[in-house]
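*Asks:* Next up is a structure, given as structure tokens.
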Amino acid sequence: GKIYEQCELAREFKRHGMDGYHGYSLGDWVCTAKHESNFNTAATNYNRGDQSTDYGILQINSRWWCNDGKTPKAKNACGIECSELLKADITAAVNCAKRIVRDPNGMGAWVAWTKYCKGKDVSQWIKGCKL
């Protein structure tokens with residue numbers, strides 16, 4: 001995995017076409033990544049309730065989005081192995097996140113976005129970054 005610097009991650013998200021994707025700004029994505037994983041691509045968190053695991057910089061869940069071979073009734077809507085989401089290269093995580101925000105909930109799929117980023121001035125997350 002890799003722990004990104006804030007502006008470095010903003011540049012990566014921008015390079016992957018996330019600025020304005022489905023109406024969400026770069027600040028929304030950087031804010032969400034900060035509160036989900038502290039910018040760490042290797043982050044994992046197990047959810048005892050449904051026995052799923054959240055993976056990577058955006059903490060994408062194995063119940064719906066990726067396959068880890070151990071989550072009951074998993075859907076794998078992104079069609080990827082969860083291990084792809086832990087790589088230093090965030091391409092797989094970004095592509096899956098794009099799939100997730102196309103759902104009616106949008107970024108509401110991320111608890112951290114709803115709690116810490118929604119309705120806030122998220123431009124502060126990219127302030128001073130050379131983008």
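Note: Cβ is positioned from N, Cα and C throughout, glycine not excepted.
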*Asks:* Which cysteine out of C82, C96 is the one Swiss-Prot pairs with C78 in a disulfide?
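*Replies:* Here Swiss-Prot pairs C78 with C96 via a disulfide bond.
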*Asks:* Among C117, C129, find the residue that Swiss-Prot gives as the disulfide bond partner of C31.
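*Replies:* Matching partner in the record: C117.
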*Asks:* Under a three-state reading of DSSP, tell me whether D54 (active site) is helix, strand or coil.
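*Replies:* DSSP call for D54 (active site): strand.
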*Asks:* Near C96 (disulfide bond), which recorded positions out of C31, E36, C117 have their CA within 10 Å?
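*Replies:* Close recorded positions: none.
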*Asks:* Relative to the Cα of C31 (disulfide bond), which of the recorded positions C7, D54, C66, C82 has the closest Cα?
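*Replies:* When the Cα distances are compared, C7 comes out closest.
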*Asks:* So, in DSSP terms, is C129 (disulfide bond) helix, strand, or coil?
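*Replies:* In three-state terms, C129 (disulfide bond) counts as coil.
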*Asks:* Using the alpha carbons only, what distance in Å do you get between D54 (active site) and C78 (disulfide bond) once rounded?
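*Replies:* The Cα atom of D54 (active site) is 14 Å away from the Cα atom of C78 (disulfide bond).
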